[in-house]
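**Q** Got a structure for you, written out below as structure tokens; questions coming shortly.
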Amino acid sequence: MRYRSDIDGLRAVAVLPVILFHAGIPGADGGFIGVDIFFVISGYLITGLLLNDLAQGRYSIAHFYERRVRRILPALFLVIAVCIPFAWAWMLPDEFEDFAGSLSIVVFLSNFYFAGEVDYFNDAAELQPLLHTWSLAVEEQFYLFFPPLLALVWRFGRRGAFIAVAILTALSLVLALTASGTDPQRLFYFSPARFWEIGAGALCAFSTRDWSRRGREAGTFAGLLMILAAFFLVDRGTVFPGPWTVLPVAGAALILLVGGAETRVGRFLSLRPFVWIGLISYSAYLWHQPLFAFARIRLMGEPSIAVMLGLSAMSLGLAAISWRFVEQPFRRRSGPVLPRRPALFGTFAVLGAALLGLGIWGFQTEGLPTRLSPEARAQIAYLDDRPAQTRPCLAKPGKSKPAHPWPRCSTPGADADAPPDAILMGDSHMIALSGRSIDALAQEGRTAYVAAHAGCPAVGGLTRLDKGDPRDCITYQDGILDYAEKTDAPVIVIAQRWALYVDGTRFDNGEGGHERGGPVVVDTWPERLASADPAARRAAILARFEEALAALSEKAALVLVDPVPEIGWSVPRLAARCAMNGTAACPSDVSYDRYLERNADVLAMIGRLAERDRITRVRTAEAFCDMQAGGRCAIFDDTGKPLYFDDDHPADSTGAQRIAPMIAAAVRDAGR
């Protein structure tokens, strides 16, 4: 195949959005489509080489895999080797366990590991240095069977081979489209649902048509427009692969099919900066995610945009070095770089076995916790400081639950047929408080039933549009409120993360602790709130909450739990990292004024509602904060134990223990 500089430019168009997306740069939510462009380019180039070899009668499967080894493994193994000491020194056990699992990339299976462990769009994914290797795994799984298959169908001629590849591509596309509503996390990494993207590029490689200049100009312009449209229209909430995936794939395929440096788009893509970035794009893709992940781990929070842009530039610098001194020598077979095939395969087999062994060791030992000091291990234990009894009482997106009452969600030993004295409802914050609250109520002779839904507003017909099926939250609200009415429960306790639903933004404590994750979109469904203006929407959501709670108070006495102070850091992780890093001045509190600012409208709403006869309020800040101007909210107790098991949920044995008696007292007062 002749060299096309516009393809290197297209590589730059693919890799830069991916880097910006993983950096968390505002406006780059659709940057992950760059991976889909890479798939198309790969299919086009590799199939072109295979077709050329087959046509000239010099096809060799051994030669093909030698080229793949030289192209993929040297830079990949270098990046992994650089990651290992940082992972060993900085990662907590659960993080190192995931890192160990991701070493399955050495046998190109990391996509299957991530499918079962990590949501690509979840906060936890941002701490995975090798998360991006899932796409390499998908590619190599495709090329494990594609060259032999192509050689097999080549006996039917070029047309027969084209038909076979078209059938394979169509089957994969049908799978991606029909499965897009099932399990988005697993589907994202599922190679058979991705093969059609590589196949689209492969089909383009069969074309020998001489396109007219007008057709080439129109096709390349349409292709670039489709890629740009996908970048701006797709976000974290879009199911991928799915219908929207066709946009960047078709756009890239058009540019490859009819493009060239002679078109306007081709000349644009052939500009020297684009070509240079395209040449180093593979190394840039490898380096960027480890830099971002380890920066987030080391800084114990979300780095500033300036830091992430600096690291993005650094990834390009490292890419240029590894391209020059690692990629090129191996690909050109020059210098002391194992030019002979047996030595090449043997060396990388030994290195791969060593890396895989480390991965198995780290995974089986659950992240090698003995790396940490006893103090750090003691702090990390609080990540699991959650109420054991009521964990099954938290519904999760996409996971169906039976009709109420749910098993194991009532006061232990209570009469299953008797209505509870109180129903505890809300989101994961309610579950965090539920174990100690049930105990505190039981000490006063009261029974309780708890049922919550992760990430869902409790009332108001409001739901989440940024994750999962919007019907989940509505189904939860209808079910628990119907159960409350049937049992004629005298008191309903509601605890949830109010400000997140009203503001839609993650918490920033202003002192370096910034919660990771994308924006939260709360709305009514299927009808949407009329206004798109942020201030008007905020007011509308508050009004929905207030109206629904006021109406609910006509049916049962309500206990409304104020927002729990958010922290911005995962407190156990913060404490453990301080112990690991030898940091003496570890943060021990956050601003109370920041809490008031963040929750001003919610606190005002709860205050108005609490003036009603049948509504009682629990002021959670009293359990954590010096409630004076300039006051501080504690994140550890007097003995140094974390009050939270993450950055916003009270730990069962400490933080929840402080709030539970307040809830029990409020239920007692509300039930009079």
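Glycine is treated like the rest: Cβ placed from N, Cα and C.
What TrEMBL records for this protein is below:
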DOMAIN    6-323  domain 'Acyltransferase 3'
TRANSMEM  7-25  transmembrane segment
TRANSMEM  31-51  transmembrane segment
TRANSMEM  72-93  transmembrane segment
TRANSMEM  161-181  transmembrane segment
TRANSMEM  218-234  transmembrane segment
TRANSMEM  240-261  transmembrane segment
TRANSMEM  268-285  transmembrane segment
TRANSMEM  305-323  transmembrane segment
TRANSMEM  343-363  transmembrane segment
REGION    391-414  region 'Disordered'
DOMAIN    404-664  domain 'SGNH'
**Q** Reported in the order helix, strand, coil, what are the DSSP residue counts of the region 'Disordered' (391-414)?
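**A** The composition, in the requested order, is 3 helix, 3 strand, 18 coil.
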**Q** Per the definition of 3+ C-beta pairs under 8 A with sequence separation of 6 or more, do the transmembrane segment (72-93) and the transmembrane segment (240-261) touch?
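**A** As far as Cβ distances go (cut-off 8 Å, pairs 6 or more apart), the transmembrane segment (72-93) and the transmembrane segment (240-261) do not touch.
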**Q** Any residues 6+ beyond the ends of the transmembrane segment (7-25) with a Cβ under 8 Å from its own?
**A** 31-35, 37-38, 41, 44-45, 126, 132, 227, 231, 252, 255-256, 266, 268-271, 273-279, 281, 284-285, 288-289, 292, 302, 305, 308-309, 311-312, 315, 516
